[in-house]
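Student: Heads up, here are the entries from Swiss-Prot:
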- 1-48: topological domain 'Cytoplasmic' (TOPO_DOM)
- 49-69: transmembrane segment (TRANSMEM)
- 70-76: topological domain 'Extracellular' (TOPO_DOM)
- 77-97: transmembrane segment (TRANSMEM)
- 98-121: topological domain 'Cytoplasmic' (TOPO_DOM)
- 122-142: transmembrane segment (TRANSMEM)
- 143-160: topological domain 'Extracellular' (TOPO_DOM)
- 161-181: transmembrane segment (TRANSMEM)
- 182-185: topological domain 'Cytoplasmic' (TOPO_DOM)
Amino acid sequence: MNVSHPAVHPVGVPPALGGQAVPPRMRMRVRMEYLVFQGMPLPGSLGGLMLRLGQFCSALIAFSVMVSIRDFSVTAFCYLLAATVLQCLWSLALAVIDVYALLVKRSLRNPLLVSIFVVGDGVTATLTFAAACASAGVVVLIGNDISMCKSNPCANYEAAIIMAFLSWFMVSISFVLTFWMLATL
């Protein structure tokens, strides 16, 4: 019989097979996993949802600030805009998955699904960090080296860059915790 397996699994400890007692080693492992993952912002948890919403909001603010600037022809700023759009889409998609997992009371413990989360978080974190660093370098050049902040909205650039770094920081936390979860599956 061909039956598909769900990507989300029930939350909780599975019962012992065949009415047999769970060996002490297994009980200790289950307790350790419960203690390690309880309250951590992992995929499918309320903390994970809050982390994803924080990533989304900070990337959205960075995007909104960059869009509100009339003229930005520097490549680093265009890259920041593209990276924040990608970050918004990725964080929003995973927030929707977290909401679904919370509504159906399921845990996202599938190794394939978690590995996709890890790779996606790693890629978006790298892109967001690179874009924020490149944009910060351009703002330092404009503001400090050639003193052109009077004709350029440096404060808006700085606000967008700060929000991009905040988004990167939250994605990095998510990446590390999800990678740790993948290593323990």
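Every residue, even glycine, has its Cβ placed from backbone N, Cα and C.
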Student: What is the three-state DSSP composition of the topological domain 'Cytoplasmic' (98-121), stated as helix, strand and coil residue counts?
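Tutor: Helix (H, G, I), strand (E, B), coil: 17 helix, 2 strand, 5 coil.
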Student: Please report, as numbers and ranges, the same-chain residues at least 6 past the borders of the topological domain 'Extracellular' (70-76) whose CB is under 8 Å from any CB of it.
Tutor: 131, 134-135, 137-138, 157
Student: Taking residues 6+ outside the topological domain 'Extracellular' (143-160), which of them lie with a CB under 8 Å of any CB in it?
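Tutor: Same-chain contacts beyond the ends: 61-63, 65-66, 68-69, 72, 77, 80, 84, 135.
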